[in-house]
Amino acid sequence: MLRYILRRIFYMIITLFIIATVTFFLMKLLPGSPLSAENKLSESQREVVLEKYGLNDPIPVQYVNYMTGLVRGDLGISFHFDNTPVTDILINRMPPSMVLGGQALIFGTIAGILFGLIAAIYHNGWLDYTSTVIAVLGTSIPSFVFAGLLQWYLANEWGLFPVALWGTYAHTVLPTIALAIFPMATAARFTRTEMLEVLGSDYITTARAKGVTESGIIFKHGLRNSLIPLVTVMGPMAVSLMTGTLVIEKIFAVPGIGEQFVSSIEVLDYPTIMGTTLLFSVLFIVILLVIDILYGLIDPRIRLTGGGR
Amino acid sequence: MAGQHQKNEPPKELFVSHERKENTTEMITKPSRSFFQDARRTFFKNKMAVVSIILMIIIILMSIIGPYFNEYGMDGQDLSRAKMPPRVPVAENIPFLGMDGTLQDEFKGSTVEEATENAVMRYDNAEDFVDIEVLSEGDGSTDSAEVSATYNIYEAKEMTDDYFWLGTDQLGRDQWTRIWLGTRVSLIIAFVAAAIDLLIGVAYGGISGYYGGRVDDVLQRIIEILSGIPNLVVIFLLLIVLQPGIMSIVLALTITGWTGMARIVRGEVLKQKNEEYVLAARTLGQTNGKIIRKHLMPNIAGIIIINTMFTIPSAIFFEAFLSFIGLGIVPPEASLGALIDAGFKVFRLYPYLVFYPAVLISIIMIAFNLIGDGLRDAFDPRMHK
């Protein structure tokens, strides 16, 4: 197991290194410089500023500086947004995204497991069909369409929640629902399939024969065993949450990382775009690693074969 | 004993000589069905999947011929006819369809007059063409009076002979034309991306799995590093650098997208190539190429088809998502995502601009997912055992 984790961490470092390198050279390739908007600068002033930020150094030196900066958590300085360091911007933007992502993941997964469970227990009944339809809609309909519907009906027409922006807890409700739809639908689908398979297996029949109560069978024998593979779909869920935050935060004007990224694209603020991209990469890779390790811990077969995913 | 035996013997004339018919055994069995025939039967029994296929055929046809149903072009900007609501012949006489070419909204004010004034101001000051219906008289306090205003914009602009079936956008471009052109762009991106994923993935995974050994080792290490890079990140980086357009989106989607297919194909080839029928074929002296084409391909085709069918909706979603955050198709080009993005900006005033593309993309996504589900059920070998 330790060898497996070490191998994965080794690959993770290589991947991050490649991403950082590609990011750096892309930034150098792109037109424009941090000073192109400052026309008032004289040639010598420009020289001083370039010197100060090390932009006069040869590319390899800049590359080494950039990489050492990255290791220390320095992502450069934003072209827009008052020349703030990108790291500061991202740290300030973190909390709303974390709150939304966390809430969506927790509520979505729990609701999804419940839906899936109900569907499996009442297999082929109307509850099953309803929950299946919800799951198909949830995985199919794009999150921004859902967000639009929620905003139009719950906020604009009925005035139950704030239309947009950030502040009170009520502000988090609609974005959280919009974000939670996909994890919910995925978890519901998955739990239903797994649960049906488990409930049809021999040891459940044995448990029934031995007189275990129905609730004992469903929760103790059934649910526990069907939840283990749910870890495998955590990866796609994490991906959907990240793509989700981009559009959902844009729609609800939430001051999070996603909204920052979209507005950076609109003004072509390259350092912020690249910094956010790097942050996304790190989050992604770490989450996938944690999921894989978790899965290895739960399911010994993965450990023995050294990871089949 | 002997007498008894004779007594029980049936009379000889009852015996009919049995003719041996070589073919009867074959004739009474049902015609044997191949795996694909079986899969097809299972698939067409799935009503949802069949309905989805029909829907998709209609949508694909419309994306080809739809833009030519009226005389308006994709680019026909004309500010004098901007933001016209949907108006459809015949359907305009059925009020609840919302296709009668009127804008309607509720307005508030401290008195009925003020509310009416607000309404008229919103509707181009065309007082003669705004019908006011008083909802509440109000008592003079702020926003207590409420009127419902209906603005007959087609009459106001003297365009009673024009029919914009799904309305026009902020620049006066016909939304019907743009929606079908946008659907066309979205579908092209999805199909091309899925086809490229399929080609590269099957070739790469097939080679890796079939030849094994060192080739497999090297190819797998490459995949391991490539798929470690989040594809979202690759897509972002590429689209920031490349010119926005169909080709760059397809490139961004496929540059790491094929790894999933390659892994699945490799795994399946690894499993199948050790089966006895392959060994038998090899013993009989079949060439590698023939084994791959005649024996392995048909056996892994199912899983390839399923995987491709799920690539298509995810590509459609990604294109819409990218266009929505401003990294994909940019106006004047249209795609479903770009149309939804444009519609969202005037969402509260002109909901029809976002409604139709949003409904269409949802239908397409649901249909493809249902077709994929149907195919998975049909091709899943476990279902046939």
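Glycine is treated like the rest: Cβ placed from N, Cα and C.
Copied from TrEMBL, the annotated features are:
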type	residues	note
TRANSMEM	B:49-69	transmembrane segment
DOMAIN	B:183-372	domain 'ABC transmembrane type-1'
TRANSMEM	B:185-210	transmembrane segment
TRANSMEM	B:300-329	transmembrane segment
TRANSMEM	B:349-372	transmembrane segment
Please report, as numbers and ranges, the same-chain residues at least 6 past the borders of the transmembrane segment (B:49-69) whose CB is under 8 Å from any CB of it.
43, 176-177, 179-181, 183-184, 187, 360, 363-364, 366-368, 370-371, 373-375
State the non-local partners of the transmembrane segment (B:185-210) in its own chain: residues 6+ outside its ends, Cβ under 8 Å from one of its Cβ atoms.
59-60, 63, 216, 219-220, 223, 246, 249-250, 253-254, 257-270, 273, 288, 292, 296, 304, 308, 311-313, 315-316, 319-320, 329, 333-337, 361, 364
Do any residues, 6 or more residues outside the transmembrane segment (B:300-329), come within under 8 Å Cβ-to-Cβ of it, and if so which ones?
35-36, 39, 182, 185-187, 189-191, 193-194, 197-198, 202, 235-236, 239-240, 244-246, 249, 252-253, 257, 260-261, 264-265, 268-269, 272, 335-338, 340-341, 344, 361, 364-365, 368-369, 371-372, 375-376, 379-381
